[in-house]
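Visitor: From TrEMBL, here are the annotated features:
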{"type": "REPEAT", "residues": "92-134", "note": "repeat 'WD'"}
{"type": "REPEAT", "residues": "135-178", "note": "repeat 'WD'"}
{"type": "REPEAT", "residues": "179-220", "note": "repeat 'WD'"}
{"type": "DOMAIN", "residues": "273-531", "note": "domain 'COPA/B second beta-propeller'"}
{"type": "DOMAIN", "residues": "548-691", "note": "domain 'COPA/B TPR'"}
Amino acid sequence: PLRLDIKRKLTARSDRVKSVDLHPTEPWMLASLYNGSVCVWNHETQVNKHTQFQFDVEYLHHGDKQLKAKRIYDMLIKLWDWEKKWSCSQVFEGHTHYVMQIVINPKDNNQFASASLDRTIKVWQLGSSSPNFTLEGHEKGVNCIDYYSGGDKPYLISGADDRLVKIWDYQNKTCVQTLEGHAQNVSCVSFHPELPIIITGSEDGTVRIWHSSTYRLESTLNYGMERVWCVCGLRGSNNVALGYDEGSIIIKLGREEPAMSMDTSGKIIWAKHSEVQQANLKAMGDTEIKDGERLPLAVKDMGSCEIYPQTIQHNPNGRFVVVCGDGEYIIYTAMALRNKSFGSAQEFVWAHDSSEYAIRESNSVVKIFKNFKEKKSFKPDFGAEGIYGGFLLGVRSVNGLAFYDWENTELIRRIEIQPKHIFWSDSGELVCIATEDSFFILRYLSEKVAASQENNEGVTEDGIEDAFEVCGEIQEVVKTGLWVGDCFIYTSSVNRLNYFVGGEIVTIAHLDRTMYLLGYIPKDDRLYLGDKELNIVSYSLLVSVLEYQTAVMRRDFGMADKVLPTIPKEQRTRVAHFLEKQGFKQQALAVSSDSEHRFELALQLGELKIAYQLAVEAESEQKWKQLAELAISKCQFSLAQECLHHAQDYGGLLLLATASGNAAMVGKLAEGAERDGKNNVAFMTYFLQGK
Ligand SMILES: *[C@@H]1O[C@H](CO)[C@@H](O)[C@H](O)[C@H]1NC(C)=O
Ligand SMILES: *[C@@H]1O[C@H](CO)[C@@H](O)[C@H](O)[C@H]1NC(C)=O
Ligand SMILES: *[C@@H]1O[C@H](CO)[C@@H](O)[C@H](O)[C@H]1NC(C)=O
Ligand SMILES: *[C@@H]1O[C@H](CO)[C@@H](O)[C@H](O)[C@H]1NC(C)=O
Ligand SMILES: *[C@@H]1O[C@H](CO)[C@@H](O)[C@H](O)[C@H]1NC(C)=O
C-alpha cells in the first residue's frame with residue numbers, strides 16, 4: 001500500500017460548491033458556489049473567514065437565470081475568442097445529450113475531450129468541428145473526465161452515472177481499466193499531477209483514492225458533507241481541495257516519514273515523489289553551519305524510480321541503496337542509480353554485513369540473500385509480521401520478537417515484546433528495542449551465545465537464555481535512532497533530540513517540528529536530520545565526548561585518558577557529571593573544570609587538600625562550614641579550627657574548643673566573640689574561664 005497520510009486542513013461550510021481551485025503560490029482556495037457567489041478561503045491561517053466577491057453576484061444571478069432558461073447545459077461546445085471580444089469562433093457538434101465537462105489535453109493544447117450524458121466521451125481537435133473519435137463504454141451519462149499529465153501514458157479517466165470510473169488509452173482507444181466501488185453517480189475524477197493516485201468523488205458522499213498504476217483502492221474518505229461535486233489537486237503541493245453540497249474541504253496527502261537516507265560519507269539520497277535526488281554534505285565546503293538551521297545543499301537529480309518510493313535505505317557500506325514501495329523493492333547502485341536487483345517484498349532489511357539482506361515475502365516467509373542471490377528461505381515459527389535488520393535478523397510475530405542468526409537462521413532468542421524499531425550498535429554489543437511507549441537497551445552476550453551453541457546448555461524452545469542482558473528501560477517513545485559507540489542518539493515523540501548513555505539521558509536540542517535522524521559524521525562533530533519537506537539540519541555533538549563516554553562505559557580508562565585532552569574545556573564538566581553518575585568520582589574530580597562541582601566531589605571523596613584550596617579560592621562561608629565538618633569528622637582539628645574561623649562560626653568554635661579542652665583557644669574565642677558582638681558566645685567563654 002501507498003501508506004499515504006491524509007489530514008484534513010480546512011473545512012469551509014457554505015452553500016453547494018460546484019467548482020474549487022487552489023492558488024499556485026498563495027495559501028488560497030477558490031470556491032464557486034451554486035448560488036452565484038465566489039469565495040476565497042485562506043487555509044493557512046485556519047480562520048474560516050472568507051472573502052466574498054460581492055461585485056459579480058448580481059451579474060452571476062442574471063447569468064444563472066439565463067442559463068437555466070437554456071436548461072443550463074447544452075449539447076454543443078463553443079470556442080470563444082477573447083482576443084476578438086469574446087466572439088464565438090467555433091462550434092463543436094456531435095454529442096446527442098448535454099455536455100457535462102471538457103478538458104484540454106495537457107500534452108497537446110489543440111486537443112480536448114468532452115464528457116456527455118449521451119454516455120460517450122469525445123476527443124476533438126481545434127479547427128475541426130466534428131469529433132476526432134468517440135470512446136464508448138459507460139452505460140449511463142458521463143459526468144466528468146480528466147487527462148493524465150505524466151509523460152508515460154496516453155490516458156484519460158472518466159466518471160459516470162453508472163457509478164463506474166473508467167481509464168482509457170486514447171491512442172488505441174480502449175478502456176484499460178474500470179474502477180468499481182462508488183455507490184452512486186460519479187461526479188468528479190482527477191489524476192493527481194504528482195502523486196501516483198486517482199481521486200474520484202461521488203454523489204454517495206465519498207471521495208475515493210486509487211493507486212494510479214495498480215488501480216487498487218487505497219482509501220475512502222467520507223466527511224459527511226453530502227454529495228461531492230469537484231476535486232482539485234495542485235502540482236508541487238500535497239493539498240487537494242474537495243467541493244461538496246455543504247461546503248469545501250482541503251486535505252493534505254503525504255507520508256509521515258520522508259524516504260531519505262545518508263551514507264557514512266555524507267551523501268544523502270531522497271525521493272521527491274518518484275524522482276530520486278542526491279545532495280552531498282561535503283559540497284558545502286566551509287560554509288558556516290548553525291545548529292538547527294536549514295543547510296544550503298545543492299541538489300542533483302538522479303532520475304526517476306520505477307516504483308513510488310516509500311523508503312530509501314543505504315546498505316552499511318553505502319555502495320547500494322534499496323528503494324521500497326508498493327510491495328516491490330529495487331536495489332540501486334548509490335552512485336549512478338543503476339538497478340542491481342529487484343523483486344517483490346512486503347519489507348526489506350539490510351544485514352550488518354553489507355552483502356546480505358532479507359526480505360519479508362509474506363506474513364509467513366522470510367528470504368535471506370547474499371550477493372544478490374537467494375541464500376535461504378524460511379518460515380519463522382509464529383509467522384512474520386515485521387522484520388528488522390542489523391546484527392541479528394529480527395522477526396516480529398503476534399508472539400513477540402525472535403532474533404535469528406543470519407548465517408544459519410537458527411533461533412538465538414525469543415523475547416516477549418512488540419517492537420516498533422530495532423537499532424543495533426556498530427559493535428553488535430548493544431541493541432535498542434523501541435516499542436509503542438518505551439525503549440529498552442540490551443547487551444548482546446555473543447560469548448555466552450557461542451558457549452551455549454557449543455555445549456547446548458541453557459537452550460530452551462525460546463532460544464539461548466543468556467543471550468541478552470537488559471541494561472535499562474526508558475519511558476520515552478523513540479521515533480528515529482542511531483548509535484555512535486555506546487551512545488544511543490534518538491528523536492522522541494515530543495520532538496526532543498536526545499542521547500542515552502550509561503543510564504543517563506542528555507538532551508541535545510528541542511526540535512520545533514518532527515525530524516528524522518539521518519546520521520552522524522564524526523569528522524564534522526555533527527548530527528544530521530531531515531524533515532518531511534526534505535530540509536536537512538544539523539546539530540553539533542562532539543565525537544570526543546561520545547568516545548570518552550563510550551570508553552567509560554566499557555571501563556577502558558586507558559582509552560578515556562587518551563581521549564580526554566581532545567575534549568574542549570567547556571565540555572569537561574558535562575563529562576565529569578557523567579563520570580560521577582557512573583560512580584567514578586575520582587575521575588570526575590580530575591576532569592571537572594567547575595569549581596563548585598569539584599568542591600562537592602572533593603568533599604565526597606574526603607580530599608581535604610583540594611577542598612581547602614577551592615575554599616580559599618571561593619571565599620565562601622558555606623564552603624568553609626562544609627569543609628570544617630569534614631575536617632572534624634577526620635579529626636583534623638587545627639584545620640577545622642581554621643575553617644570555622646573563616647566561616648565565622650562561633651558556635652562551632654566553642655564546641656571545638658571546649659570539647660578538646662583547649663583553654664588557650666577558649667580565651668582567644670572569648671575576645672573574638674566579644675569584638676564581633678557575639679554576646680552569647682562571649683558570655684559563655686568568659687564564664688567558662690571564670691572571668
Ligand atoms: C451564497 O452562499 C454563501 C455561502 O454559503 C453565502 O455567504 C452567500 O450569501 C450566498 N449568496 C447568495 C446570493 O445567496
Ligand atoms: C484525429 O487527429 C489526428 C491528429 O490530428 C489525425 O491524424 C487523425 O486523422 C484524426 N482522426 C480523425 C478520425 O479525425
Ligand atoms: C491499448 O494499450 C494498452 C496500454 O496502454 C494495452 O494495455 C492494451 O492492451 C491496448 N489495447 C489494444 C486493443 O491494443
Ligand atoms: C444519479 O443520476 C441520475 C441520472 O442518471 C439521477 O436521476 C439521480 O438522481 C442521481 N443520483 C443522485 C443520488 O443524485
Ligand atoms: C533494471 O534495469 C534494466 C536495464 O537498465 C531495465 O530494463 C529494467 O526495467 C530495470 N528494472 C527495474 C525494476 O528497475
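Cβ atoms are placed via backbone N, Cα and C, with glycine included.
Heads up, TrEMBL stuff is auto-annotated, nobody curated it.
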Visitor: Just to be sure I understand, if DSSP states are collapsed into helix, strand and coil, how many residues of the domain 'COPA/B TPR' (548-691) fall in each?
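Guide: Taking the domain 'COPA/B TPR' (548-691) as a whole: 114 helix, 0 strand, 30 coil.
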Visitor: Short question: which residues 6 or more past the ends of the repeat 'WD' (179-220) have a Cβ under 8 Å from it?
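Guide: Residues packing against the repeat 'WD' (179-220) from afar: 1-2, 4, 6, 140, 143-150, 155, 157-161, 163-167, 226-236, 238, 240, 242, 244, 253, 273-274, 308, 326.
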Visitor: By a Cβ-Cβ criterion of under 8 Å, what residues six or more beyond either terminus of the repeat 'WD' (135-178) are in contact with it?
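Guide: Long-range Cβ neighbours of the repeat 'WD' (135-178): 97-98, 100-107, 113-123, 184-191, 193, 198, 200, 202, 210, 212, 215.
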Visitor: What does DSSP give as the helix, strand and coil breakdown of the repeat 'WD' (92-134)?
Guide: 0 helix, 21 strand, 22 coil
Visitor: What mean pLDDT score does the repeat 'WD' (135-178) have in the model?
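Guide: Value for the repeat 'WD' (135-178), mean pLDDT as a whole number: 95.
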Visitor: As a quick check of your reading of DSSP, tell me how many residues in the repeat 'WD' (179-220) are helical, how many are strand and how many are coil.
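Guide: Each residue of the repeat 'WD' (179-220) counted once, the result is 0 helix, 23 strand, 19 coil.
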Visitor: So, by DSSP, how many helix, strand and coil residues make up the repeat 'WD' (135-178)?
Guide: 0 helix, 24 strand, 20 coil
